[in-house]
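> Structure provided below as structure tokens; questions to follow.
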Amino acid sequence: MNDRELGCAGGQFMDRGRMNQNGVVQPLLTDLYQITMAYAYWKSDKTDDTAVFDLFFRNNPFHGEFTIFAGLEECLKFLDSFHYSQSDIEYLKQTLPEGIEHEFFEYLGNLTARDVTLYAIDEGTVAFPRVPIIKIEGPLIIVQLLETTLLTLVNYASLMATNAARYRMVAGKHVKLLEFGLRRAQGPDGGLSASKYSYTGGFDGTSNVLAGKLFNIPVKGTHAHAYITSFSSIGELKTRLIKHKQTGILEDLLEHAVRHRSLLSHLLDVSTEESSEGELAAMVSYAIAFPDGFMALVDTYDVKSRETEQANTEPKLINDIKSENSPPKPKTSPSTNGHQNGQAVGHVNGHKTNGHQNGVAQNNGSRSPKDTDIQDTKIPSTTTTKTTATATGTLKTTTVSNGTAYLPKYVEKSFRSGLLNFSAVALALNDLGYHALGIRIDSGDLAYLSCLARETFEKVAERFKVPWFNKLTIVASNDINEDTILSLNEQGHKIDCFGIGTHLVTCQRQPALGCVYKLVEINGQPRIKLSQDVEKVTMPGNKNAYRLYSADGHALIDLLQKVSEPPPAVGQKVLCRHPFQESKRAYVIPSHVESLYKVYWKSGKICQQLPTLEQVREKVQISLKTLRNDHKRTLNPTPYKVAVSDNLYNFIHDLWLQNAPIGELS
């Protein structure tokens, strides 16, 4: 459906109708008490009453000091399509209590949002507690009926955009962020919203194909471990031929890969017997399918963290130290069944395999390269403590002592199968004119493994004279959260892209923003909600909001005023007061004043040219740049100040005294 440009006094109006409208968002997507209140208002002859409601939140999420406002476009689409269908009316007749007059249902059937006016800050703007992000004016009954739906459209959208923006800040501007959370989201609608608003907050793409179609978000992905484990040997390859990119001549990709694997084995000091033939077959197969987009998962077999390596080798190391001068004992190879230590165990080149073939190759009677490395490595007798980011997104502290310190040569042998096979297939593709994209790591010590992968790629680039190998992308995934990225940054990782799912889309650190929708004026008379909890006392009356800036361009304070007050002026001293603490006040001389509210809906039409999703995404980053760094830091951020004018302060407290009951002592 094309946008319809409609003329209106004072400017152009854009009516998008139901374009990309979520069919679930309709008037019945509300709480029952909104409709029962509507009937009670109607019964009380309040159909001509007008009201003002403020939609705001009381606290910033994630222990931070800012929130990104999102969801405005969906709110406007909802207003544009607001109408109770005949089937809605029939359902309400069956559902509401008996005795409701028939005329009320006729009244509902004729309701639209034509007489509603919606003011809002721009979508993608940084917002702060107590400053209304949306202000609704109109007939009491209709603006009451809008409450629940507007809240559900704004709450999660703003929470998700804020969460994504925080990930973007800790990751830095040069690291790519991909949203991988559809399978962990709260249902299909939650998954689509997560994809849309994570992109708004600063992510670079999503794995969600439908979100890509609906919102024009870049869609990215690799493959699952299932694809690797679906192959157990190179004999399962049905297709081995691929056309050379330049000549068009068919060549055997597997043959090239096997040849390169043999050469790489010496360069990387990894035996081909330690790599999985099934994994090699899977990678060759995937490369044939996507020769220009070959991105492989490399941790299906034998990825270990440093802690695992140290724990597994500690008894061996101690025995080696104790028996340094003793005669060597012959080694025996234990028989294995199934999987050992969570890894597939087998033999290569036709030998008997238990579990996946070549998961970790062990040859009977042969000496493992690991044993040589252990004997050749000097063991320092020191005690160290280190903190690493684990694959589950948690921080782990390990104390290493008595000769069990980090052993570089030994640990290099972890991660061997995937890196060896990937590099072999990537070089094979290079022979035929194609460039691989990179790898994904989904488990293990992400900082260490990413550094090991980058070091491997640099070796290959130098040895085989393929400079582009230095630039291969390293993607990391698996339950990554904000703290994980901060820890990885401290450790000096080499990750180019994070795939983030569960912690992002479920907002595990804070699953709800807590926006509220409060009546502040009816028929021109202010209304205040009192509470023993000062945080829940509302700021009454119809208000305007302004953002005051310092000379260096940073936002200083948000100021709320009565609509009857003149706006603050540049260069003029303004008294800003805490709304509820009398002693907290300060004069501000702004270098720039921004009026936060625009009229987005009036007379049944959208009153602003709505930005694209890309423009909202850019707005987020521009708005965040107006905040000082101490407001945005993850640890103990400085609270951003929200104030009221002196006039509004006195108005609030006078109304408070008028409405607060006077106690009696006896």
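Note: Cβ is positioned from N, Cα and C throughout, glycine not excepted.
The feature domain 'Nicotinate phosphoribosyltransferase N-terminal' is assigned by TrEMBL to 28-155. Taken from TrEMBL, the feature region 'Disordered' applies to 307-390. Taken from TrEMBL, the feature compositional bias 'Polar residues' applies to 355-367. Taken from TrEMBL, the feature domain 'Nicotinate/nicotinamide phosphoribosyltransferase' covers 437-538. What TrEMBL lists as domain 'Nicotinate phosphoribosyltransferase C-terminal' is 542-651.
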> Using DSSP, what's the helix, strand and coil tally for the domain 'Nicotinate/nicotinamide phosphoribosyltransferase' (437-538)?
41 helix, 21 strand, 40 coil
> Can you tell me how the residues of the domain 'Nicotinate phosphoribosyltransferase N-terminal' (28-155) break down into helix, strand and coil by DSSP?
55 helix, 21 strand, 52 coil
> Go ahead and report the DSSP secondary structure tallies for the domain 'Nicotinate phosphoribosyltransferase C-terminal' (542-651): helix first, then strand, then coil.
23 helix, 39 strand, 48 coil
> Averaged across the domain 'Nicotinate phosphoribosyltransferase C-terminal' (542-651), what pLDDT does the model get? Just tell me the whole number, please.
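Looking only at the domain 'Nicotinate phosphoribosyltransferase C-terminal' (542-651), pLDDT averages out to 97.
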